[in-house]
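Student: The annotation topological domain 'Cytoplasmic' is assigned in Swiss-Prot to 1-325, 425-444, 514-535, 651-1128. Marked as repeat 'ANK 1' by Swiss-Prot: 57-86. Summarising the annotation, Swiss-Prot assigns repeat 'ANK 2' to 131-160. The transmembrane segment annotation in Swiss-Prot covers 326-346, 404-424, 445-465, 493-513, 536-556, 630-650 and is backed by sequence analysis. Residues or ranges marked as topological domain 'Extracellular' in Swiss-Prot: 347-403, 466-492, 557-629. What Swiss-Prot lists as region 'Disordered' is 865-898, 1064-1111. The compositional bias 'Low complexity' annotation in Swiss-Prot covers 878-893. Under the heading compositional bias 'Polar residues', Swiss-Prot lists 1085-1111.
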Amino acid sequence: MMEEENTIRPHQEIRQLTLEEKKFLLAVERGDMAGTRRMLQKAQDTEYINVNCVDPLGRTALLMAIDNENLEMVELLINYNVDTKDALLHSISEEFVEAVEVLLDHENVTFHSEGNHSWESASEDTSTFTPDITPLILAAHRDNYEIIKILLDRGAVLPMPHDVRCGCDECVQSRQEDSLRHSRSRINAYRALASPSLIALSSKDPILTAFELSWELRRLSFLEHEFKNEYQELRKQCQDFATALLDHTRTSHELEILLNHDPTGPVYEHGERMHLNRLKLAIKLRQKKFVAHSNVQQLLASIWYEGLPGFRRKNMALQAVDIIRIGIMFPIFSLAYILAPYSSIGQTMRKPFIKFICHSASYFTFLFLLMLASQRIETFIGGWFFADSSGMLNTMEELPTKRGAKPTFIEWLILAWVSGLIWSEVKQLWDVGLQEYLNDMWNVIDFVTNSLYVATVALRVVSFFQVQKEMIYNSHATDLPRERWDAWDPMLISEGLFSAANIFSSLKLVYIFSVNPHLGPLQVSLSRMVMDIMKFFFLYVLVLFAFGSGLNQLLWYYADLEKKRCPEVSPMSALLNMNGTNDPNACIVWRRFSNLFETTQTLFWAVFGLIDLDSFELDGIKIFTRFWGMLMFGTYSVINIVVLLNLLIAMMNHSYQLISERADVEWKFARSKLWISYFEEGGTCPPPFNIIPTPKSIWYAIKWMRRVFCSGSSAARREHLKTIRRKAQQASDRDFKYQQIMRNLVRRYVTVEQRKAESQGVTEDDVNEIKQDISAFRCELVEILKNSGMDTNVTAGQGGGGGGKKNRQKERRLMKGFNIAPPGSTGSLAPVAEFSTSLDNYDNQHEILSSTLSTLFTPNFMHKRQQSQAGSGGGGSESPTTPTAPQGTQGAAMTASSQVTKYNKSALKPYNKRIAGHKKRWGTLIEAAKVGNVSKMLGRSKSEDSVCNSSHTSTPVHGQMRVTYAQNSPQQEYGYHGETSSTTISTPTPTISVVSNSPAAHAGVGSHFFHTTSGLTAIAALKRKRKKFSSSKNICPVTESVAAANAAEILNDKTLKRVSSYPAAEAGVQHNPAQLVKPRRHEQTQSQHDSVETNSTFTLSIDPSNTSVNSREPLISTSCVSTTGAIG
């Protein structure tokens, strides 16, 4: 227990603020320039406060001014040389541009080359930002264009972070010291680099920068899986920025220059053939949103349908007719291009859509030939032409089935098409390179297909020469039936590979159909599902191998017994057959579990229900072995069929959902890749015409040889120099046009973003800024009035603070100390040490208030106060705020005391019931009263049904009774009397006195009246509506009920009138003890009742002579006189 008491908790390590420091921070929070300037000047002279002190939330005065966006206060604090530390980072975080400029100017004055920046000197434990955060990084995180431009103009730089696999000394040391900080610093750096504003301001080519950064972030997301989501979000941000720039292109000329820009190529001129280098780069870096943008797609569509004007406006039937016509004529187009490539029909062949139709028609012809080969069309043709010759017909039927047979006419055509397909793939591999070639999955499929065809041709050649070699020793080697061939005969293997190649060739149609808007999205979904199937297949093979190994180990012996019973395999089959033990099904059953491969096949087909339990009825198998084998088979079926297959279905469904959500973007991206592949210069002729040498190819070969062998001549050198100068000029023109368009796009983008920011509705920050301006204006106005010689004690008293619930909360926490309570505190609101001395001056009053405020009005307490007044001999009281009663009114005072005694119990009983229902509100008030922060609690509610008639003013006559509660407190400074964190409230001293009927004592005094029909009715109403009765906030709910009951019994023929539940003071109240206060306006709003001066005098006046015409109850007037200030 002692250890817990002596433990220093984290919230106690902060140094406790003094009263003056709290006043200083509160003045800064409210925007009081004059008060803050006086305090700073005094602190500069006497150092009575620490101007760099922090509030319980760790904010210095400068940070509070930045949070409130008070530029004048920021300049004032900087002029008095407060520590800035990370104030620049805070101002950037708040996007306070003016403060950023002021702090940067201050930084230029105070920074030395050998020292650190101000934000680097802040403690890592208490600083809001990590050490790797610089002003430029933070501004980029906020994406504030204006602040980023200010920092870049002043020379701020943001270096590229090192690679994630970097092995330099700096990276190695950083990873060893703190790997988490090293990774987070890289993320912070990339988050800044991905800022659209920073890219627009610092890059000459923002689109290229966004592309490269997006690709780098994609790579990092695969390398650092722990931060994959963060990198993916930044990648998406870069893609959105590049797409947003594309939104602002207005003409086709701008779009063409943008998409055809090549940093190393010639300048693009309008009307030339588009090479679309920038768009190809976007496809390479997988910028799907950029490629699928409507502007890009419109340009691509215009290029795609360039050869067929009006094609898109035709109906579907006419479009089909045009496509079929061009497809049928593809040999004519191909031959025309070979013979005359620059003729009109040859140029038509170069149009992308015409080229696509010709290539598709060529591929459909190839598939038709494959179908003819699989159907052995030569046999049918032979049957047509040689139906009369049976010998010739048999020869033609047997020719394809013989070993080493020569290729048929259809197979020769297929070989020509395969040669053309291989040549086109070789040319593509030469143009784009191996890495780029392998990035496209369809290229991999084409490579596998062509490899199968090449292997088929090679095996056919091997089989042919093998048979020719055998015919030397056996002339009937080719007549051997197929069923007697060797199992691994090259002819059989070639047929298997050829059939597999046919499958891949047919699947290539899916790629061609991607141009269709209906089949294209399905093709994209299929490609995504293939990846899921491959992931699932890895797990499936693992389970399949595990159970296959187990079952083969368990059943291999009994499978061998079944094998011996098979007449086709066992040498004893004839003997077994004679004995009658031969089983024809044994030839099938023994293969089920004979080896690991056969067992694995058995389990695979079991997934489709093709294996039954009869396979476990082996020869000689025992009961336990059969049961154990069937149990393993059942477990495999549950795992594979119930679990894994449903998992595959769920994975494929998830993939389809992902694709369907962005099906349009995915399909347009895939279609754009296909379109651009036909925009290239080469590969114009389709297979098999592409293997025919053309005159253009011969001319290109001659030029290449001339350039290689004649490059050393003087003419070649002169031509080379001209080429260099021409390329330099072209590069200058290219860069000028591109940069001009890029500047326009960036300007439009920034303009639109600023308009979006300005068009946003009113936010909480805007409201807080208005509140801060009003608070600062109020403080400035009070200071002006004070300098003009006016009494501003009332106006500058407690005030309403900065305004608003949050500002009041900040001020309350500041004055209470919030989380810096001493260890010995047990209450909900701990007493503050520096105010404990104020308790010594008011011991008696604090004892009375210690339990509950209602004890102020007990009979004994009231009797003691009467005796004290009687002992004074009727003279004036020493207290200036407590006038004594004249001698002639002592009887009335004693009567009031007796009535208080009489009604005390009856009034306290219902009050105790009521206070239970309002325990929360009064508990808050009492706790707040303990720390002297009553001002924020007293103006929270207002009686909605009370009426204050300020026109009813009357002069009290002789004999009027007044109950006065006066309290004193130490002198308070700077007009923040109600916001101090004092631990006690000075207890009011109740005095019952009779006010004389002197005119001088009541000149200019107004009263508020309570209205009710009778004394008892008034008491009941006060009990029911005590929550709305205002005097209960100032003193105690019992006081008014007791006083009202007292007045009702003494003068039951007078009228009892009510006033507003909470009277507010006016600015012109004078502190004359001989007079009552002037009447106060009841129309004040709730914001005017935020706080009340605790050093006030409450006066209850009972005038038995001043009654209304129709009233039988006495008039009761109340007033509240402030000794140091009025209600703010």
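Any Cβ shown, glycine's included, is placed from N, Cα and C.
What's the neighbourhood like for each of these?
Tutor: Predicted-model confidence for the topological domain 'Cytoplasmic' (1-325) is 88, expressed as mean pLDDT.
Same-chain neighbours of the transmembrane segment (493-513): 360, 363, 366-367, 370, 374, 442, 445-446, 448-449, 452-453, 455-457, 459-460, 463, 519-520, 523, 526, 674, counting only residues six or more beyond its ends whose CB sits under 8 Å from a CB of the stretch.
Non-local neighbours of the transmembrane segment (536-556) in the same chain are 592-596, 599-600, 602-604, 616, 618, 621, 625, 628-629, 632-633, 635-636, 639-640, 644, 647-648, 651; each lies 6+ residues outside the stretch with a CB under 8 Å from one of its CB atoms.
Same-chain residues lying 6 or more positions outside the transmembrane segment (630-650) and placing a CB less than 8 Å from one of its CB atoms are 532-533, 536, 539-540, 543-544, 547, 550-551, 554, 603, 606-607, 613, 616.
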Student: Do any residues of this chain, six or more beyond the ends of the topological domain 'Extracellular' (466-492), have a C-beta under 8 angstroms from a C-beta of it, and if so which?
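Tutor: For the topological domain 'Extracellular' (466-492), the nonlocal Cβ contacts are 401-405, 459-460.
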Student: When you scan the chain for residues with a C-beta under 8 Å from the transmembrane segment (404-424), skipping those not six or more beyond its ends, what do you find?
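Tutor: Here the qualifying positions are 362, 365-366, 369-370, 372-373, 377-378, 446, 450, 453-454, 457, 460, 463-468, 478, 491, 683, 686-691.
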Student: Who are the chain neighbours of the topological domain 'Cytoplasmic' (514-535) in space, where the CB to CB distance is under 8 Å and they lie at least 6 residues beyond its ends?
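Tutor: Residues packing against the topological domain 'Cytoplasmic' (514-535) from afar: 356, 441, 648, 651-652, 655-656, 658-660, 663-664, 666-667, 670-671, 674-675.
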Student: So how many of the residues in the repeat 'ANK 1' (57-86) end up helix, strand or coil by DSSP?
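Tutor: Summed by class, the stretch gives 16 helix, 1 strand, 13 coil.
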Student: What same-chain residues lie close to the topological domain 'Cytoplasmic' (425-444): Cβ under 8 Å, and 6 or more beyond its ends?
Tutor: 284, 450, 508, 511, 527, 673, 680, 682-683
